[in-house]
Amino acid sequence: MEKWYLMTVVVLIGLTVRWTVSLNSYSGAGKPPMFGDYEAQRHWQEITFNLPVKQWYFNSSDNNLQYWGLDYPPLTAYHSLLCAYVAKFINPDWIALHTSRGYESQAHKLFMRTTVLIADLLIYIPAVVLYCCCLKEISTKKKIANALCILLYPGLILIDYGHFQYNSVSLGFALWGVLGISCDCDLLGSLAFCLAINYKQMELYHALPFFCFLLGKCFKKGLKGKGFVLLVKLACIVVASFVLCWLPFFTEREQTLQVLRRLFPVDRGLFEDKVANIWCSFNVFLKIKDILPRHIQLIMSFCSTFLSLLPACIKLILQPSSKGFKFTLVSCALSFFLFSFQVHEKSILLVSLPVCLVLSEIPFMSTWFLLVSTFSMLPLLLKDELLMPSVVTTMAFFIACVTSFSIFEKTSEEELQLKSFSISVRKYLPCFTFLSRIIQYLFLISVITMVLLTLMTVTLDPPQKLPDLFSVLVCFVSCLNFLFFLVYFNIIIMWDSKSGRNQKKIS
């Protein structure tokens, strides 16, 4: 009883922080003519309510795709339609065709913020609570502390409740998928993940680990027996879920192709705005977007992404395990973020979710990563006038992690899960005994750099010739951190050893 009482308190704390952040500004507030993501979500409600399904993704006089045209999968459109019905009941002006463009009011802001909170309460928060309750080999207090830290992760809160999006829906479905598959409810887990992909196509960042883990399970059961039966069942679940979600768009071939064109807009280029990945960072020194043809950029990003995630995926197929699955989710999502085509700064949330799932296993490194992921979105958060909420939520999260996990005491090679790797290296370099000390120093350098860059960005004006100087520096520093983490997580995956300390797993 006490466990559920404390878990309820944790959820209430998470909800309080979320609602407090929601009282602040949002993307594009009072900034015509395009406004921002808040207006995009409102506009999708307008379009889905007033136009027939076959016109949702097509350009027309009633649906100007240049003005926040719908570019997410059908499940997002259905969610927008559901919200639109509620909006119509409260105030029809909020979704009136054409005349509602750029609509802003306190009442409408309250409505929009409430829709995010309800989605969070229905999908993401229950998944977090159940995940933490199912963790093995840790005390009840640690499970509750784990839930608190995950629910206080500032990146997701600031984007969903500040900037304004519904990332908790797709991430929540993905987490339900992780829960299902880790608990051997493979069909339910696959269904949940299919819903995640059909809500936001960026969930494809997680698709390969799901595929490889399930394929590994099938191989382990034997493809001539139970494994083959499981494979057929999984294929049926995936096909059926996609067919049901896409059914209204399968009536005509052009309908399906148009939706796909909207979901994967190759013509937008290698990257947009300032994002902390390889291509944006490297573009500072060599203008890749201007020098290389579009098709070469596509091939280059595909090959880089594929090669960077291949080792972890092969290992997961050959040795499927719950622990390996979670770490491969991190590695693959980070590879996609760093190397893939058309990445947005908010896509780092797709990496942050699986990092949250290993928070209790490697608290020091997970906390560090989650701090960097929030920092990497600083230019966007400043643009939305969310500096104060960013600072407060980041400090609250950091304090929660420090007090819950004593992260500064968890920096030994064993606690960092680098013991097997260090032993392997010491066979050739016996003096290699300082790895944990190096990581501690790197953490200090990283945190100091982030603090200094934040202060510089807020207090100093950039040179006139370099107006984006601080934004570029934030992205570059974040990218360096992410490259380090990519190496680190792949080391854990490739050097995973049974001789290491017992890992907390979901049964």
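The backbone N, Cα and C atoms fix where each Cβ goes, glycine too.
Beyond the ends of the transmembrane segment (4-24), by six or more residues, the same chain brings 113, 116-117, 120-121, 125, 129, 133, 144, 147-148, 151-152, 157-158, 160-162, 385-386, 388-389, 393, 396 to within a C-beta distance below 8 angstroms of the stretch. Taken from Swiss-Prot, the feature transmembrane segment applies to 4-24 (among others).
Positions annotated as topological domain 'Lumenal' by Swiss-Prot: 25-114 (among others). The average pLDDT computed for the topological domain 'Lumenal' (25-114) is 97.
In the three-state DSSP scheme, N59 (N-linked glycosylation site) is classed as coil. On its own chain, N59 (N-linked glycosylation site) has L65, Q66, G69 as residues at least 6 apart in sequence with a Cβ closer than 8 Å to its own Cβ. Under the heading N-linked glycosylation site, Swiss-Prot lists N59, citing sequence analysis as support.
Positions annotated as transmembrane segment by Swiss-Prot, on the basis of sequence analysis: 115-135 (among others).
For 136-143 (among others), the entry in Swiss-Prot reads topological domain 'Cytoplasmic'.
Within its own chain, the transmembrane segment (144-164) is flanked in space by residues 3, 6-7, 10-11, 13-14, 17-19, 21-22, 24-27, 36-38, 41, 112-113, 116-117, 120, 125, 128-129, 132, 135, 138, 171, 346, 348-349, 352, 356, 359-360, 367, 370, 373-374, 377, 380-381, 384, 386, 389-390, 393-394, 396-397, 400-401, 404-405, which lie at least six positions past its ends and keep a Cβ under 8 Å from the stretch. Here Swiss-Prot flags 144-164 (among others) as transmembrane segment.
Among the features that Swiss-Prot reports, topological domain 'Lumenal' is placed at 165-172 (among others), with the record citing a curator's inference. Same-chain neighbours of the topological domain 'Lumenal' (165-172): 37, 41, 76, 79, 115-116, 119-120, 123-125, 127, 156, 159, 196, 199-200, 202-203, 346, 349-350, 353, counting only residues six or more beyond its ends whose CB sits under 8 Å from a CB of the stretch.
Taken from Swiss-Prot, the feature transmembrane segment covers 173-193 (among others).
Taken from Swiss-Prot, the feature topological domain 'Cytoplasmic' applies to 194-226 (among others).
Swiss-Prot lists 227-247 (among others) with the feature transmembrane segment, giving sequence analysis as the kind of evidence.
Annotated topological domain 'Lumenal' per Swiss-Prot: 248-297 (among others), in sequence order, evidence recorded as a curator's inference.
Within its own chain, the transmembrane segment (298-318) is flanked in space by residues 208-209, 212-213, 215-216, 219, 266, 270, 278-279, 292, 324-325, 327-328, 331-332, 335-336, 338-341, 486, 490, 493-494, 496, which lie at least six positions past its ends and keep a Cβ under 8 Å from the stretch. Among the features that Swiss-Prot reports, transmembrane segment is placed at 298-318 (among others), with the record citing sequence analysis.
When the topological domain 'Cytoplasmic' (319-323) is classified with DSSP, helix, strand and coil residues number 2 helix, 0 strand, 3 coil. Per Swiss-Prot, topological domain 'Cytoplasmic' is recorded for 319-323 (among others), and the stated evidence type is a curator's inference.
What Swiss-Prot records for 324-344 (among others) is transmembrane segment. Counting residues 6+ beyond its ends, the transmembrane segment (324-344) has Cβ neighbours under 8 Å at 178, 181-182, 204-206, 208-209, 212-213, 265-266, 268-273, 275, 277-279, 297-298, 301-302, 304-305, 308-309, 312-313, 315-316, 350-351, 353-355, 357-358, 479, 482-483, 485-486, 489-490, 492-493, 496 in the same chain.
The topological domain 'Lumenal' annotation in Swiss-Prot covers 345-361 (among others) and rests on a curator's inference. Same-chain residues lying 6 or more positions outside the topological domain 'Lumenal' (345-361) and placing a CB less than 8 Å from one of its CB atoms are 131, 135, 138, 142, 146, 149-150, 153, 155-156, 159, 163, 165, 167, 171, 174-175, 178, 202-203, 205-206, 273-276, 323, 326-327, 329-330, 333-334, 336-337, 367, 369-370, 373, 376-377, 379-380, 401, 405, 417, 503-504.
Taken from Swiss-Prot, the feature transmembrane segment covers 362-382 (among others), and the record attributes it to sequence analysis. Outside the transmembrane segment (362-382), and at least 6 residues removed from its termini, the chain residues within Cβ reach (under 8 Å) are 149, 153-155, 158-159, 162-163, 273-274, 276, 345-346, 348-349, 351-352, 355-356, 390, 394, 397-398, 401-402, 404-408, 410-411, 415-417, 439, 443, 446-447, 450, 453-454, 457-458, 470-471, 474-475, 478, 481-482, 485, 488, 492.
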Counting only residues at least 6 beyond its ends, the same-chain positions whose CB falls under 8 A of a CB in the topological domain 'Cytoplasmic' (383-387) are 21, 24-27, 29, 36, 158, 162-163, 458
For the topological domain 'Lumenal' (409-437), jot down how many residues DSSP puts in helix, in strand and in coil. 12 helix, 0 strand, 17 coil
Could you tell me how many residues in the topological domain 'Cytoplasmic' (194-226) are helical, how many are strand and how many are coil under DSSP? 32 helix, 0 strand, 1 coil
